[in-house]
């Protein structure tokens, strides 16, 4: 009798544990998540670590599972720490990685677990539509990868991470006080590229040293990625824009259309902040926050950094890179892309608890809490509650995400790039166009075509 | 027999930690690095993909999106490799001779000239960046001295024609103290009676320097040049921190390219390429060292 009782109790215990394991995110997991457990997480963003630790306190109060969040910065240190930990078996349970790239590489390399069976449609449905599949490795990505890429060994349809933060590049921040001092409207963004360049001219004339545009061109690709690409997309339309990057150079950067887009970009040359090519991304943002420039280009995530550096969000006017008045589209909509994502490491012994934690921080309550603390937009669609959960300034940035689908620029669409695309090379060429003036638009077009031609050849 | 065995064991017990440390930290890492240069790996996958000599071929000529950048970086590296040791010797030798001959405040002056070595490192690179900014002290001094036309409105590191040479001068600034100290050591080892004898024979100070001191310091010069070449080939921190290879790739050097290939190519499998470039740098360093040793032997 005692033996039967013991068996019944054991079965009941197993059933309870399985039920607890199944309760995370509506998905299925094999290990239980129990109160008293402790999980670890690494992130490469300091601002996220503080916000996540606050969310962890709420999570612990609800579930009894404690979470230790550690920030490992900067990016190269984060990467080398993961490399070492992977070799020694010391990875944490959860990793926050760059979305739609780094997370997939980590997964395909066997460091992140496939969680496609755990993340059901209801969970996916929480996210902004354009970010939902950011952590899924699709067949197209595998096909485009170089022969020695770990993607070639991975299974299409594997999901290695869920989106965590989202946003868009190519957001211009303008200092309202400087606009007012230059006689420009502090509340009305320029309607076109031409108006933007004219406004830059006015602010630079008013204050030649601190009235220009800052951008961290020491990381040369930001000029190409954040300013040139949205501008060219709006000017040419999606099809011609994608054609610039193709093998056919008759439609490339050196074509009349391509040269025209480079000519538009080169109009910025007189208005860069002095020494812009020596500034990193953070340094350019800090320079703007310190009043050394009137305009600054960043992403939706820049607002948080400016606030950390003492610039109140209500002192800035934000708008996406304005389209040229003579271009195909008179409006620019920025498709939000997943910027960071959360994955469970394949060596985690606390998979169920880790999934439960990810489930919490991607729920409206958890995501809203992290967003408010970090001033970074979540990938979770907060809908009408956005302003309440995140605050008005952050919620306002979301307005650039909606509009005419035809004029929507999706920076996450990399299907038309050559395999092994190295963004530093076109970045350097565009820096040589502006601000260095070493190349004119036609020469820059030829150089860009040569760069992409070489990349296509290498990919073969 | 037992005593000999115990002695052998005791001897090994003493040297084993050092041998083991060298085996793990030295032999293993060097061997592993060399093997990696023949493989494709992103640092995460359990398996390496063996590619033979492909990485070397890609870096040198085969990959059209890689080889031209490596060649440009090699040209910049060569300029640094020649200019830094040369300027270091040209500045530190007269400085050491002067410091060796002064009688008053000798200790203070030596300390002052040795300061850059004590303070050198990452922090000083940041300090130099502030000095070289458009509104930094260098431009300010030039404008104050009526030499505003020489000032760089975009800063010294943002102008492609001044960026690399500015970095070279900072490298020289940080190399001169050690070189001066080495020369001072060499000068104090010279037998004063030789100099005295030359003077009695009517040799002018310039002739003493040229005919006696410089030849006797040749081994020291060889060492200083070697250190300069080594630092120029392997050092990337200054390029990473101050310009990141910019503006527009004008200050990219091979060591920085190696670092970028290892850590800044997303998670692409470029660690093998990075390792191969590291080994090419090693071969370059050995060749330059041999050439330098041969040249100095001939001079001596």
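Just so it is clear, glycine is given a Cβ too, placed from its N, Cα and C backbone atoms.
Lifted from TrEMBL, the feature list:
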| type | residues | note |
| --- | --- | --- |
| DOMAIN | B:74-292 | domain 'ABC transmembrane type-1' |
| TRANSMEM | B:12-38 | transmembrane segment |
| TRANSMEM | B:73-96 | transmembrane segment |
| TRANSMEM | B:108-128 | transmembrane segment |
| TRANSMEM | B:163-187 | transmembrane segment |
| TRANSMEM | B:208-229 | transmembrane segment |
| TRANSMEM | B:276-296 | transmembrane segment |
Close approaches to the transmembrane segment (B:276-296) from elsewhere in its chain (Cβ under 8 angstroms; 6 or more beyond its ends): 33-34, 37-38, 55-56, 59-60, 70, 81, 218-219, 221-222, 225-226, 229-230, 233-234, 254-255, 257-258, 261
Selected stretch (most C-beta pairs under 8 A with the transmembrane segment (B:163-187)) from B:73-96, B:108-128, B:208-229: B:73-96
Close approaches to the transmembrane segment (B:73-96) from elsewhere in its chain (Cβ under 8 angstroms; 6 or more beyond its ends): 113, 164-165, 167-169, 171-172, 175-176, 179-180, 182-184, 186-187, 214, 217, 221, 224-225, 227-229, 231-233, 245, 250-257, 288
